[in-house]
Amino acid sequence: MGRLSIPDIFEKYENGERLAMLTAYDAPIARQVDNGGVDMILVGDSAGDNQLGYKGTLPVTLDESLSNTAAVSRGVEDAMVIGDMPFLSYGTSLEESVKNAGRFIKEADADAVKLETAPYGQTTIDIVSRLTELGIPVVGHIGLTPQRMNQIGGGYVQGRGDENSTSVDALVETAQQLEDAGAFLIILEAVTEETGKRVTEAVDVPTVGIGAGRHVNGQVLVINDVLGLNETSYKLSKQYVDLNSIIGGAVTEYVSEVKGGNFPGRENTFDPIYED
Ligand code: KIV
Ligand code: NA
């Protein structure tokens with residue numbers, strides 16, 4: 001059958017089917033996420049804090065993102081794989097942006113790339129247009145854009161139109177500019193429900209929210225949050241299982257069995273010596 005294509009995603013969207021997306025950063029988790037039936041897998045630069053041990057997304061390198069995306073691609077059969085372009089791997093020049101986006105497709109077997117756009121961010125809107133013309137499908141990302149965290153100053157919900165938050169209109173217009181430039185899907189992060197609704201009504205491409213409320217076309221979450229692999233929990237997220245406890249329990253038990261001489265057992269041993 002092969003992975004979901006853009007026409008497949010559009011068919012679901014046209015039919016009113018809600019779209020499900022999760023992040024993944026490596027092959028075994030990507031395989032599980034794929035088997036679980038998501039439509040799309042985002043190899044997020046959220047790898048920064050969720051996989052690579054950085055404090056946030058800014059330090060993530062292009063090579064790290066490409067390596068993660070290639071690993072996820074090798075694990076996935078059915079879902080669309082979207083490579084998230086890390087901070088400054090796009091935007092420095094059109095030429096470099098195109099070359100780097102191309103590496104996600106050519107080297108890491110991604111089906112599309114994602115990049116963040118500031119309100120009315122003309123530089124990235126031009127990049128989306130060029131990539132689309134060349135055959136690289138692009139997912140837009142607006143609202144709270146973590147790569148601009150040093151300007152935004154914190155995890156402020158966007159669309160409120162106050163000093164820490166751009167207006168709904170700015171987000172609606174930026175979404176429309178992204179659609180015009182060729183983005184086939186728009187991710188909305190940490191925005192008011194009104195923003196999610198108005199952007200979804202204003203564009204004819206699917207919207208996928210993370211903390212964008214109920215009136216969008218789909219949802220995305222960070223897999224570590226879903227699986228309970230983080231210490232912190234976020235209002236916009238939902239933990240479906242507590243893997244931290246499960247993994248912690250397994251490791252404690254292993255250590256105790258090694259210390260106590262209970263592992264390895266006879267069944268784990270090659271040509272065991274007979275003892276009593
Ligand atoms: O990197 C990421 O995981 C993301 C999602 C939160 C949309 O960009
Ligand atoms: Na990201």
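Glycine too: its Cβ is placed from the backbone N, Cα and C atoms.
Under the DSSP three-state reduction, Glu189 (active site, proton acceptor) is assigned to strand. The number of other CB atoms found within 10 A of the CB of Glu189 (active site, proton acceptor), across every protein chain shown, is 21. Here TrEMBL flags Glu189 as active site, proton acceptor.
According to TrEMBL, the feature Mg(2+) binding site maps to Asp45, Asp84, Glu116. Under the three-state DSSP scheme, Asp45 (Mg(2+) binding site) falls in the coil class. Around Asp45 (Mg(2+) binding site), taking its Cβ as the centre, 32 other Cβ atoms fall within 10 Å, counting all chains.
In sequence order, Thr23, Thr57, Asp84, Pro146, Val222 are the residues of the chain that are 6 or more apart from Ser46 (3-methyl-2-oxobutanoate binding site) and have a CB within less than 8 Å of its CB. Sequence annotations record features per position, and here TrEMBL assigns 3-methyl-2-oxobutanoate binding site to Asp45, Ser46, Asp84, Lys114.
Other Cβ atoms within 10 Å of the Cβ of Asp84 (Mg(2+) binding site), summed over all protein chains shown, number 27. Sequence-distant neighbours of Lys114 (3-methyl-2-oxobutanoate binding site): residues of the same chain at least 6 apart with a C-beta under 8 Å from its C-beta are Leu42, Ile82, Gly83, Asp84, Met85, Val138, Val139, Gly140, His141, Ile187.
Counting in whole angstrom, Glu189 (active site, proton acceptor) lies 14 from Asp45 (Mg(2+) binding site) by their C-alpha atoms. Summarising the environment of Glu116 (Mg(2+) binding site), the number of other Cβ atoms within 10 Å of its Cβ, over all protein chains shown, is 24.
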